[in-house]
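See below for the structure under consideration.
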Amino acid sequence: MPTVSVKRDLLFQALGRTYTDEEFDELCFEFGLELDEITSEKEIISKEQGNVKAAGASDVVLYKIDVPANRYDLLCLEGLVRGLQVFKERIKAPVYKRVMPDGKIQKLIITEETAKIRPFAVAAVLRNIKFTKDRYDSFIELQEKLHQNICRKRALVAIGTHDLDTLSGPFTYTAKRPSDIKFKPLNKTKEYTACELMNIYKTDNHLKHYLHIIENKPLYPVIYDSNGVVLSMPPIINGDHSRITVNTRNIFIECTGTDFTKAKIVLDIIVTMFSEYCENQFTVEAAEVVFPNGKSHTFPELAYRKEMVRADLINKKVGIRETPENLAKLLTRMYLKSEVIGDGNQIEIEIPPTRADIIHACDIVEDAAIAYGYNNIQMTLPKTYTIANQFPLNKLTELLRHDMAAAGFTEALTFALCSQEDIADKLGVDISATKAVHISNPKTAEFQVARTTLLPGLLKTIAANRKMPLPLKLFEISDIVIKDSNTDVGAKNYRHLCAVYYNKNPGFEIIHGLLDRIMQLLDVPPGEDKGGYVIKASEGPAFFPGRCAEIFARGQSVGKLGVLHPDVITKFELTMPCSSLEINVGPFL
C-alpha cells in the first residue's frame, strides 16, 4: 500500500478542526485507511542517516497514512481532505467540469514516430491557479506518488507539468535519434544531447531507475513547442525552460505512455485534485490531442458514468439489513453520489472521474461496507460450515519438526531467496544445472534466485553463529523451488528436510543416526524389501570424495547425506568439518 505523508497541522487546518492522534487514527480506520506512523522530517533523517545529518531538519509533525493502492485520489493532501470531508458529510462532492478556452485551444500533435516507443499522449491546462509553498510541494509529491503506483515507475505513464506562459503552442510529441535531441534539462545550467544526459543520469540516485525504459531504443520521445523549445524527454526529465514554480499561474500538463487508459486516469487525477486552486474552482481547460491518423480528441475526459446496483444485493453481500435510502446515503458519503430509483430496490450510483477504482458492482458493495463500518456488522454463523484440517504435507512437517527438536537439533528458518553463488559456485555446481527460478530484476545480490536446496541457508546460519559452543546441530523443513515446464506457473515447490552437524570432527555417524531416526518415525523399515530404505555410495560436488551416499526409499531416490567438501566449508567462511543430510519429504505421504 502506498504511504502518504502530510503535515498534521496543515491537515487539521484543511479539515476545519483539530483531532487527537487517537481520534484521527479512528477516523482513518472508519474511512478504510490506516494511520501508519506519527513522525517528523527530523526523526526520519535521524533514523536513516544519524543525528548529525538530522541537525536543522524540520520538527513539524507528519502523519504517514497508508492508502489503498487503487485509491489514486487519496495520494495527496487535497484528495485526502476532500474525501474525509465528504465522508463526514461536511461538504458535498464537487462537480468537475471541462471548459473550452476563451481563445485558441492548446494542441498536442502526436507524430507517427512515437508508435515505436511511447505511442499515447493526453493533455490539459490548469488556468489561473494559485500556489503556496505547501500547495506546490503537494503538486510535485502527487506526481511522484502516481509515478510510483499507477504509472509503474514511469514505464506505463510519465507526467510532465510546464509553465504555459513560457511556451508557445501548438506542441509536438515526436521521437528522434538521441544525438538529434539537445536541450537544457531541469536543474542544469547548460544544454546536453540525449546521449550525454543518459550517461550523466546513470549516477543520479533518482533518475537512474528510469533510464532502462528508453535507453536501448533507437528513438527517444521528445515534446517541442512551436518555437522548437523542448518541454520534456519523457519518461526521463523535463526541460528547464518551462519549469513550474510557486509563482506559476497557468500549467500545461502532458501525460505520455504505453497505456492509454492509465494515461487518461492519471491526467484526470491531477487536474481534479488541483483545480481546487484555480480561479474558477474545479474547472479544467481542455486541450486537443491530434493523433497520427489525423483524428483528434479533447482531454481531460472527466467522464461521469452511472451504475445500477440492487439494494438487496448490497445487504446480502455485506451481511446487513439496511433500507435502500440508507444504503444510498452510505455510498454518497464514499464520494459516490447515489439515489434510489425505480421499484425502490434499485440504487443509481454516479461514478466521478476521481474514482477510477470503481470497476464492478463488488467495488460499490465494498464502499458501502466501509461506510457502514466493519465493526458494526454483526457476526453470524454461516448457514453451512466445515471444520478446517491441515494439509497432509503440513501435518507431516509439523510432526517432523517436533521430533527433530527432540533429537537435539535446533530449527532454523532461512530466506527462500538466495544468491546464485550460494546454490551453485559455493556448492561446486554450474548455475545452469540447478534448474533455479531466477528473479528478473533482483534488488540485491543476496536475493537473485529461489533456493533449490536448504543447505546454503543452514551453512550461512552456522557462519553467523560461529561463536556459539560446539557442536552446532541445525535443521530446517521448508520448500525449495525447481523449474517445471509441466506446471501452469513454470515451477514447482518441494518440501525438503535438511540437517547439518558442525563440530571438530565430521560426525557422519550423527547424521546417519538421524536419518535412521527419521525413517523410523516415517515407518519406513531398513532394506529394499517392503518399501524400505537403503543408502548407496555416491558422489556429489558438495561432498568429500568417498564420504557421500544417496538415500533410496520406496524404490526412489529421496536425497543425499555425507561429509561436506573442504572447499564448500571454506566458501561459506567456516573452519571445521560438517556433515549434512537433505531429503524430499513428499514421497513419504
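Note: Cβ is positioned from N, Cα and C throughout, glycine not excepted.
As written in Swiss-Prot, here are the features:
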BINDING   D357, D363, E366, D367  Mg(2+) binding site
DOMAIN    302-379  domain 'B5'
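Under DSSP, the residues of the domain 'B5' (302-379) split into helix, strand and coil as follows: 33 helix, 17 strand, 28 coil. Sequence-ordered, the extra residues of this chain that approach the Mg(2+) site, with Cβ no more than 8 Å from the Cβ center of D357, D363, E366, D367, are M334, R355, I358, C362, I364, V365.
Cβ crowding, taken as the number of other Cβ atoms within 10 Å, peaks at D367 among the binding-site residues D357, D363, E366, D367.
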